[in-house]
């Protein structure tokens, strides 16, 4: 007589979702190890993976609990349960996705009616949020022998690609991609019969289920409520597949007491300067009467390209200006994004001091068009200087407040072109220079060519080579202006000031492009000043682009408002070596950094609540954060927070915005 065949075991819905997130944890651990530079300390690496695993367990346990509730109470009301699931997905999407997708909506709606941008944003949020219920549907359709394993493999591939495809500040989008992958995995796997040989082994493990869930729950809870040390928190926020850290930061406020004293020489910069007297121009002047000053900012130009001399043949004009002028090789941008850095350069104040509001113009988004801070071209214009700009972007005109005070502004965009090349801007500039006579003149151009995707130069190969090709285009066009001025009477009273809005990342910290961080590959920019009669020199004094407004005012013999937070660099042009006392700050996307004269650099991320501290003298690549040591962290952190507390704009109802 045959014995009855024991019932075959199958994967339950709660177990399937828990397995999905455990697989996600393993996939992410492998991805981190294979794709990204890990922190240097072994303990930091171990804790990084421990917290990361705990977060995935938390998601798995929460998902298993919800699926268990559905199995117990909702499976008999499938339509209503499905509707609730869709509503929950949309609600969560509305909570975490708008900040990720707002910039894309803004760009696609530029020049359209006012309702287009919010409509596109709602559509994008809705579509991405609905990927989770759609993944469940696809998983159930694939829940067939063999076919389900293709769905599981696709889910694993999506989990592996998630941190690579969505780098930068896209925490909400990464979360939903992971949700969709886990939903596809679990929906396809649920109900799968275990192989007959495996079933007895699984049955023997059943008594361990409750202890495992208890331990996993404790580990998951600890990973959520225990604040990781600063270096671990930073590792969790790095461009990996870690999902929850961007949302847990507000729960982990640091308990550091900011009580370090302000050095006496810096004290004047840590008080409200609204009533500070103007700073008179320095003497003697370095330019003759009626100066002509060109300010050129080149998008994405890293300082090390000029500092190394390695690319002088590719960038001969910039190399010549470096050799023949005054080269400030320790200069930093006040931001890692064009709008942050240029608004600070022209206003003499930082992003958090300015008033950014939604624009009523054709270019959507947040702009400082209503910010009352004077821009230095306004002060030059009031002094009788002709102020001219040729803009390659529609927002680089007086209307939007990044720049302001130009008596002549021209948005250059040839018919049939979707992008303004350096050639277009220089053609317009040369035509204008023909009409220049004996008046004082300030002329500004921002060159946008050297911007991702680096496809304007027609070059091929690695991204760095294509980027250099675009910089070479700009270099050649600047040469046309330099040559024309050199062959004209203007040469005796002309100064060229050349800099960049920010640098560009090529994987130094697992990041590419710019705007996402405040590491020095993004902040270090060249500042070159060349004029007839200047003695060439290299200046190592730390400077900032916020110093350029006072410098250009000084070149024209104009006073600098006491509200400006930079100092004139003109004394260096005369061969002097003063010590500058103002702080050097940078901001981008709720991140703030302070750099001190001794090479100490502290960075605070107010969204993720992470802290970084580097000694740039011994660690110029910023690879070893010292933020775990409170004795080293507190003094610079205290200075940064005190400066921000003193100068951050305060208006009723106004909150410093997160601007992409």
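Placed from the backbone N, Cα and C atoms, the Cβ positions cover glycine too.
For reference, TrEMBL has these:
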type	residues	note
TRANSMEM	16-36	transmembrane segment
TRANSMEM	56-73	transmembrane segment
TRANSMEM	80-99	transmembrane segment
TRANSMEM	119-139	transmembrane segment
TRANSMEM	146-165	transmembrane segment
TRANSMEM	171-196	transmembrane segment
TRANSMEM	208-227	transmembrane segment
DOMAIN	302-558	domain 'Sulfatase N-terminal'
**Item:** Cβ pairs under 8 Å between the transmembrane segment (146-165) and the transmembrane segment (16-36), at least three
**Value:** yes
**Item:** Non-local residues, at least 6 beyond the ends, that sit with Cβ under 8 Å of the transmembrane segment (16-36)
**Value:** 48-49, 52-53, 56-57, 59-61, 63-64, 67, 155-156, 159-160, 163-164, 178, 181-183, 185-187, 189-190, 238-242, 510
**Item:** Selected stretch (most C-beta pairs under 8 A with the transmembrane segment (171-196)) from 56-73, 80-99, 119-139, 208-227
**Value:** 119-139
**Message:** Need a quick answer: max count of Cβ pairs under 8 Å to the transmembrane segment (80-99), which of 56-73, 119-139, 208-227 is it?
**Reply:** 119-139
